[in-house]
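Asks: Please see the structure below; I have some questions.
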């Protein structure tokens, strides 16, 4: 067992378990789904508008996670007369605020105040409503995505006008034309039986299903590419009473992917970068200051570990290796990180001090490439940083002999426990001499901004180590 800093997240691992093992989830019958809704709006104190708001936000969030606004901006939202239609109306409002342009088809409106209020909210946003006679196979081609919020889990029998013709049109558009428009269904694909699925073959075949509260039995027959669970509102009492097995939601997300991930054509994966430009007149003449501006942008954007960087090293014979480390300091002297001096990366740097760093901030479509020579930081700098770390991390640095092989994880845990007991009185923990920092002194810094059609902007900054003079 090769050891190193453990940055794993058990919640993520547990989520991936559900990703690949849909049979580990609970699936609700129609009776169970109805009973849970009754309890949520009864003893649990929820109102219908609260649940509708949470459901609609979940649907919009799931759409935004898969269907990027740059490519799927125009969305047709088709709403039925019941709660599913209300979820669609709420989702439309959130999609609008996410940057999409929804258009709504709501042919069977109700006079209930909650629905009338939702319509008013959408009208104040100038979101257009279609009449049913405006919908045709030709008009459908104006949309990049269709949100099906027509029928929910109480639906049974055959669709009645005008929804029978709408469902037929949606089925035909993806069967009989060359234009494939993804369909996202809310909780139950319209035309499906809540328990048996598309038993008559007259229902929709959506690309995405967003189950709410818990997947319904029909979801076992869903064969689309994306299955999400939304509605992060199930109280523990409900989960225990109905023995619900649900996946954990990551972070603060209101939706989570479940089911098997879609097969991927790697060659077809591409992102068309849209957004900022990088013009020469906007570049700071000091590349260190330009780095600081972009780094602060990455922090402000809320990116996870914006200080993560790929460190590439090579042996004295030129054999390369790379790994992700964390930047812990930067100034005009260079870029600093800390590690075990006995690790592979440290051994390579001590025999061949030339290395490169790459920062990649995907949401900003930016990367920075740094090349230069590496040296150890002073003992004083290493001491100062070591003692700024939490005590647990200080002990971890002592125990974790990176790149060494251990008999098993238990050996590492036992050593950690032993050192914790040694310093349990809160006494000073000395920095081990095999642990400390490195600094890369740049000879070049390259700034890269992704642009449309792969016509990216790139500027190179050359840095003279002597005197740290810089130019672009």
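From the backbone N, Cα and C atoms, a Cβ is placed for every residue, glycine too.
Bear in mind that TrEMBL entries carry predicted annotations, made automatically and left uncurated.
According to TrEMBL, the feature domain 'YjeF N-terminal' maps to 33-246. Per TrEMBL, the feature (6S)-NADPHX binding site maps to 83, 84, 85, 86, 87, 152, 153, 154, 155, 156, 157, 158, 187. Taken from TrEMBL, the feature K(+) binding site covers 84, 148, 190.
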Asks: What other residues of the same chain, not counting 84, 148, 190, have a CB atom within 8 A of the CB centroid of the K(+) site?
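Replies: Sorted by sequence, the hits are 78, 80, 88, 149, 150, 151, 152, 185, 186, 187, 188, 189, 204.
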Asks: Could you tally the C-beta atoms, other than its own, that fall within 10 angstroms of the C-beta of residue 153 ((6S)-NADPHX binding site)?
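Replies: Around the Cβ of residue 153 ((6S)-NADPHX binding site), 26 other Cβ atoms lie within 10 Å.
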Asks: Give the sequence-ordered list of residues that share a chain with residue 87 ((6S)-NADPHX binding site), lie 6 or more positions from it, and have CB atoms under 8 Å from its CB.
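Replies: Looking at Cβ-Cβ distances below 8 Å from residue 87 ((6S)-NADPHX binding site), excluding near sequence neighbours, one finds 52, 55, 56, 59, 149, 186, 187, 212.
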Asks: Taking the Cβ of residue 190 (K(+) binding site) as the centre, how many other Cβ atoms fall within a 10 Å radius?
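Replies: Residue 190 (K(+) binding site) is surrounded by 25 other Cβ atoms within 10 Å.
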Asks: I'd like the Cβ neighbour count for residue 148 (K(+) binding site), meaning other Cβ atoms within 10 Å of its Cβ, all protein chains included.
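Replies: For residue 148 (K(+) binding site), the 10 Å Cβ neighbour count is 29.
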Asks: Check the domain 'YjeF N-terminal' (33-246) for me and report the mean pLDDT.
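Replies: Summing pLDDT over the domain 'YjeF N-terminal' (33-246) and dividing by its length gives 91.
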Asks: State the Cα to Cα distance, in Å, between residue 84 (K(+) binding site) and residue 153 ((6S)-NADPHX binding site), rounded to an integer.
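Replies: The separation of the Cα atoms works out to 9 Å.
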Asks: Do me a favour and check the Cα-Cα span between residue 85 ((6S)-NADPHX binding site) and residue 148 (K(+) binding site); whole Å is fine.
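Replies: Counting only the Cα atoms, the answer is 9 Å.
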Asks: With Cβ-Cβ distance below 8 Å and at least 6 positions apart along the chain, what are the contacts of residue 83 ((6S)-NADPHX binding site)? List them in sequence order.
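Replies: Expected: 48, 52, 152.
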Asks: Taking 10 A as the limit, how many CB atoms besides its own sit near the CB of residue 85 ((6S)-NADPHX binding site)?
Replies: 27
Asks: Validating a neighbour-count step here. Other CB atoms within 10 A of the CB of residue 84 (K(+) binding site): how many?
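Replies: The answer is 25 other Cβ atoms.
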Asks: When neighbour density is defined as the number of other C-beta atoms within 10 angstroms of a residue's C-beta, which of the binding-site residues 155, 187 has the lowest density?
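Replies: Candidates: the binding-site residues 155, 187. Fewest Cβ atoms within 10 Å: 155.
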